[in-house]
């Protein structure tokens, strides 16, 4: 008996995306559809399809790794790799991205698989918030974007470590007696454990079916998130955002909101943030770089596909509060040399 229904392959969003790709993938002189559409639609479709084309291979890679973990990694192996103390274990967890440099959308299905195999939930949350920032690719891109302002890089890394500890500790105390996984994922764990106990490791066919089901499950949420982010990037008024952000207290909040809705990948967000250095305080720039890598429209939808709504809401509130307070504190305490 399969854990996943094949009907997920025919989800309306998937069909809609395929039609969209077939019709609007390329703007050519002979394409009649663009003759009746405003030019702003081409900007929107380019942004939307760009997000999809760039992200889908990484989502697939994350799902494959997640299924591999669920299939071949024993629970005791996961537990033995980290210190027994729940707080000390957050230290190596926060720096895991140095070995596994993946972006924010890829890490979510991987963490879900690790939690299914026995990883403490709060450590999974630490991975979600730290890996998209504390990894070699993001560190290098931030360094190149702010070569004349290295304090931005140092603040991004240091404050991310502090934030991950605070967020992880909060989740530990709030959810240590309840699961953060969605109910269907819990059913999948019990069913999977039962099947493996009786039939050993699943066949290649079962693994491929598992991969395809999880991939489409993740992708449908990502598509909605990419759609919302593309609409925001196409129509938002940057001048208005800049005017509001001139206020010192509002600056970090405005940049966090901007990062959330723009949904730029953490590997390239530093170059976008650098364009705001003359309009916003350094703390606001760091708020953009940290919060956008931890939470955005796309990965919020993916989180909702993996975890309970209550957890996602609490996680969002805690993360936003912690990042805002830390970056405001940084503006007060750190001497920015620019």
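Cβ coordinates come from backbone N, Cα and C, glycine included.
Heads up, TrEMBL stuff is auto-annotated, nobody curated it.
The annotation transmembrane segment is assigned in TrEMBL to 40-67 (among others).
Outside the transmembrane segment (87-111), and at least 6 residues removed from its termini, the chain residues within Cβ reach (under 8 Å) are 55, 58-59, 61-63, 65-66, 69, 119-120, 122-128, 130-138, 160-161, 164-165, 168-169, 172, 214, 218, 222, 265-267, 293-294, 296, 298-299, 302-303, 306. What TrEMBL records for 87-111 (among others) is transmembrane segment.
Residues annotated as transmembrane segment in TrEMBL: 123-146 (among others).
What TrEMBL lists as transmembrane segment is 153-175 (among others).
Taken from TrEMBL, the feature transmembrane segment applies to 218-236 (among others).
Annotation source TrEMBL lists transmembrane segment at 243-264 (among others).
Sequence-distant neighbours of the transmembrane segment (307-327) (same chain, 6+ residues past either end, Cβ-Cβ under 8 Å): 112, 125, 129, 159, 162-163, 166-167, 170-171, 174-175, 179-183, 252-253, 256, 283-284, 286-287, 290-291, 294-295, 300. What TrEMBL records for 307-327 (among others) is transmembrane segment.
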